[in-house]
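Report on the structure given below.
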């Protein structure tokens, strides 16, 4: 028995690697090892006053901190039975759209594009393809602008609060978002063409899972048409070789992320995004996990169009800036959010004083851990013996990268 | 001559490495002076060489982190502890309890297959040449520090509380005027009082102000506002476990 090690995945967030086990000249198994240290966020929040919790949870991940803030706030509000205004809902959605723009653009243009053009990174790629890198950076910077306004900071802002916001955006800020989203649409549309060219890699998941709303909701949906709460059908287990756990849906491997979102929720897409979805429908339906990149590119178009719709609606109506008052009471609540890389769950039980008594967080990369391993296995099987070692390893890395894994997020999942 | 730069990420949220990419066009200005030899979040390129400057982010939470930290220290002339994880331990180091108990609670086993350690800041393990806190740190500050080093100037250290920048921005004091818990008076400035801009209190993410801080005074103010001692204690320790005594 021999094994080929990928010491550390590069151009991904956090620290992880893989081991490909070869026996009698055949690929026998692949293990995805997450060696980022455990971070114990569930323990960190235990006993803490609800008001401070979203700010702590934001620090699980920098790329998608706002998804964590919103998921946390939703879980807390549901535990207290709080209902917020349409305005607050739209502003939260706007923040999540900013995060989708920032994260998808970062992933596609800085991490994936160098693979398509044959470079080790975007900085080196920029010498010949500067325009593409700059277009990606422009979209990413705009996403970050939205995160700064809605979230309070580009990274780890503390403006998203239970019951509303610390500070509400001004008319000028909303107008700037509306203008910029319009201006960037052309670039995002061009990006879809670039990322549609990537070859098929990895496995085809048996199931796709997403949240029932496009970016947040109150239940999960699956490709077998079931609508459910996560604990009804999803099981997690710990592994001996990784700090991240693995999950199964009704006993089977599934995928979360951009590809599941566009496939399960195509009817919610905005006009131009829907048109692009129709154009690539057959390709997307092939189901290979690498198509996640194409789905992310279509989502950039969606996020820009939807940002325009929301800012216009808010500008027409005017901002009230009213928070909903909260009286802490004993309760239990789950926040379901689509972080850029897939379903994110924050589940809390809160005591009558407003302190957290139980906390469970499941992140997209933990959900995708099993399908990621299967994808590497299938890709390795297809390529072993037919391509040289550097191509072999490069294609395995590309396969992992398609999940846009967020390893830092994945390492603090509590036992169910 | 180009300086050789390495970015090393130990256990953290990824934000301190990401923040470098958020420099946008300024990153390209930095690349006039620096050649990136190691930055695994952004590049598949890696060259083992002696570095002029190493940026190290995150806490030491595994044996691998510790090995990587020693590697970075032994291969660099100038090492910067970047972000509050690296300088003070941040939120993950504030989780109380022994590592084995924590592993059992989360993973259902005391087994320590990959040698997890209690999270500690890197400054506890190696000598650093400069420590820049912040969760995240202000990205313009790291830009300035790297530019200073490129020009042979030792970067200055900040020594004033968040309140100074809050006053300069003419924000309303949330602690005195609204009774919101705000750690601004005892927290090291440099963030431009960004959280008070959002009309919420400072949560202390840049760690305690050295020397002049008066945590006992802050403790009394918060107690008078009606906050419980346990609540205040945990708030003080969130980003810098065990550093503030009163």
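The first residue you see is number 1, and the count goes up from there.
Each Cβ is built from the backbone N, Cα and C atoms, and glycine gets one as well.
These features come from TrEMBL:
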{"type": "BINDING", "residues": "A:42, A:361, A:412", "note": "Mg(2+) binding site"}
{"type": "BINDING", "residues": "A:61, A:64, A:406", "note": "Ni(2+) binding site"}
{"type": "BINDING", "residues": "A:64, A:409", "note": "Fe cation binding site"}
Note to self: According to DSSP, collapsed to three classes, what secondary structure does residue A:361 (Mg(2+) binding site) have?
What the structure shows: strand
Item checked: Among A:42, A:61, A:64, A:361 (the binding-site residues), residues with Cβ under 8 Å to chain B, listed in sequence order -> A:42, A:61
Check: For the binding-site residues A:61, A:361, A:406, which Cβ has the most other Cβ atoms within 10 Å, all shown protein chains included?
Finding: A:61
Next item on the list: For residue A:406 (Ni(2+) binding site), name the DSSP secondary structure in the helix/strand/coil scheme.
Entry: strand
Notebook entry, point to check: What Cα-Cα separation, expressed in whole Å, is found between residue A:406 (Ni(2+) binding site) and residue A:42 (Mg(2+) binding site)?
Noted result: 18
Check: Looking only at Cβ atoms, how many others are within 10 Å of the one on residue A:64 (Ni(2+) binding site)?
Finding: 33
Next item on the list: Can you grab the distance from residue A:64 (Ni(2+) binding site) over to residue A:42 (Mg(2+) binding site)? Cα atoms, rounded to a whole Å.
Entry: 18
Item checked: Rounded inter-Cα distance in Å - residue A:361 (Mg(2+) binding site), residue A:61 (Ni(2+) binding site) -> 12
